[in-house]
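Here the structure is laid out as C-alpha cells; the discussion comes afterwards.
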Amino acid sequence: VGFKAGVKEYKLTYYTPEYETKDTDILAAFRVTPQPGVPPEEAGAAVAAESSTGTWTTVWTDGLTSLDRYKGRCYNIEPVPGEADQYICYVAYPLDLFEEGSVTNMFTSIVGNVFGFKALRALRLEDLRIPVAYVKTFQGPPHGIQVERDKLNKYGRPLLGCTIKPKLGLSAKNYGRACYECLRGGLDFTKDDENVNSQPFMRWRDRFLFCAEAIYKSQAETGEIKGHYLNATAGTCEEMMKRAIFARELGVPIVMHDYLTGGFTANTSLAHYCRDNGLLLHIHRAMHAVIDRQKNHGMHFRVLAKALRMSGGDHIHAGTVVGKLEGERDITLGFVDLLRDDFIEKDRSRGIYFTQDWVSLPGVIPVASGGIHVWHMPALTEIFGDDSVLQFGGGTLGHPWGNAPGAAANRVALEACVQARNEGRDLAAEGNTIIREASKWSPELAAACEVWKEIKFEFKAVDTLD
C-alpha cells in the first residue's frame, strides 16, 4: 500500500527546530502546560498538528497531499521563567491553511479542537503574528482614527463618553433624556450598555428614535458634533443589519456591536456595512474575560484585539489600568499600540511576542471604561494619550447635581489635563494639583471631586508578565 498504519509520535513530523519561518507564515506563541510525563517537544508538536493537518493516527489519505507544504510546525520552545511545567511553544502555519478575509476561519483552526486536547493540562494562545499577505485580505476598521476625528471635528484631546445607567430598566424616553443631559453637559458620546438590545421595557426602535432626538437637540445647543453608540447587536445577523440600517436612516454617526457574543462573522459583515455607509462602529468586548482572564489557559486579549482590528471596529474597550476592571499598565499599553499603530516591534517586556506590520490597515481607538472618575483624569490622559475614548458611566451619572453637571465636570477636568500637558507639566506627579486648581472655577468639578475623593479599586492584577 505504501503507507504504514498506526499511531506515531507527533514530534517526528511536527517538531522542526531547524525550520526558518517565512514572511507569509502566520506565527503563534502558545503557553503550553503538558500533562505529567509528556515532553515539551511532543506537546508543542501536538499543538501544531491538531491545529493544522494532523490527527491522532496515520491515515492513508495523507499520501494524496503534500504534508510538508501544509502542516503547522513547532519551530521553537522556551521554558516559562518561574513556572516549572510551562513552555512557550512557537508554531508556524502556512498561509494556505486559511481562508482570505475570515477571522472566523483563522480562529477555528488555531484555537479550535486543540484546546480540548488530553495530552495538555492547559493551553493559552499568547500572541499571533499576522503576515502582511494575510492582513491585506481584510478591510479592517470601517474608518480608523483620522477619519473619525475628521467626521467629528474634534482634535488634540481624548474623546469623552458615558455609558447610560441603570443599564437595564429605563423607558426609551427617559433613556433619551439621560443621553441628552450628558451630551448637553459636554460629553462627545453616550453609550448603550452591552446588554441593552431590545427588551420588553425598551424596544430598540423606540430607543434609537429618542437617542437620535437627544443627539440633534444637544448638537444644536452646543455647536459640537455628538453621538450615541446605538447597540445593533441582535439574535440574528439579519436583525442586526436591520438595526444598523435604521440608524443610518436616522443620520446618526455611530453604531455599536458586541463582537465576541455576536461573533466574528456578524461583526465583519457589520463593519463592511459601516464603511459603505459612513457609520462609525464601536465595539464592546463582553465575554472577553471568559477567554482571557486565566493565565495558563485560553487566549490573551492582545490576540482578540488583533482579531478585532482585522474584522473591523473603530473603537474597542481596552481596560483602564486605574479603574475597577483588570489590566496591568505595560500589558495594556502593549495591546493599545497593537490597536492604534501601523508597525509594532517585538517587545517581550510588554507581552508582544512578534513584530507586527499592519501595512496601513486603519487603527482602532482604545476605550477606557469601568470605575473611573475625575480624579483618574490626569492618569488616563497620560497613559492613553489623545487617540482614546475615556468613558465615565457612574463617574458622570453619579454626580450629586445630576447628569449635565457630571458631564461638565468631566469635560473641565479633561480640558485642564490636556492644557497642563501641553504646557509641559507632569501629569503623573501634579495630577491632583491640576484637578484641584481647575475645580476652583468649576463648581461642578468641585462637587465631583468631593464625592469621589476616597474611591479606589486596588487589587493585584491577575494578568502579569512572567
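Glycine is no exception: its Cβ is also placed from the backbone N, Cα and C atoms.
Per Swiss-Prot, the feature active site, proton acceptor maps to LYS165, HIS284. Residues annotated as substrate binding site in Swiss-Prot, with sequence analysis given as evidence: ASN113, THR163, LYS167, ARG285, HIS317, SER369. Swiss-Prot lists LYS191, ASP193, GLU194 with the feature Mg(2+) binding site. Taken from Swiss-Prot, the feature N6,N6,N6-trimethyllysine covers LYS4. Residues or ranges marked as N6-carboxylysine in Swiss-Prot: LYS191. The site 'Transition state stabilizer' feature in Swiss-Prot is assigned to LYS324; the stated evidence is sequence analysis.
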Neighbouring recorded positions, C-alpha within 10 angstroms of GLU194 (Mg(2+) binding site) - of ASN113, LYS167, HIS284, ARG285, SER369: LYS167, HIS284, ARG285
Which of ASN113, THR163, SER369, all binding-site residues, has a Cβ with the fewest other Cβ atoms inside 10 Å: ASN113
Among LYS4, LYS191, HIS284, which are recorded as recorded positions, the nearest neighbour of HIS317 (substrate binding site) by Cα: HIS284
Candidates LYS165, LYS191, ASP193, HIS284 (recorded positions) - the one closest to ASN113 (substrate binding site) by CA: HIS284
Among LYS167, LYS191, ARG285, the most crowded of the binding-site residues [Cβ within 10 Å]: LYS191
Where LYS4 (N6,N6,N6-trimethyllysine) falls in three-state DSSP terms: coil
Lowest local Cβ density (other Cβ within 10 Å) among recorded positions: LYS4, LYS165, HIS284, HIS317: LYS4
In sequence order, the recorded positions (LYS4, ASP193, ARG285, SER369) whose C-alpha falls within 10 A of LYS165 (active site, proton acceptor): ASP193
DSSP three-state assignment for ASN113 (substrate binding site): helix
Least buried by Cβ count (within 10 Å) of the binding-site residues ASP193, GLU194: ASP193
Whole-number Å value for how far HIS284 (active site, proton acceptor) lies from SER369 (substrate binding site) (Cα to Cα): 10
Annotated substrate contacts ASN113, THR163, LYS167, ARG285, HIS317, SER369, maximal Cα-Cα distance (Å, integer): 37
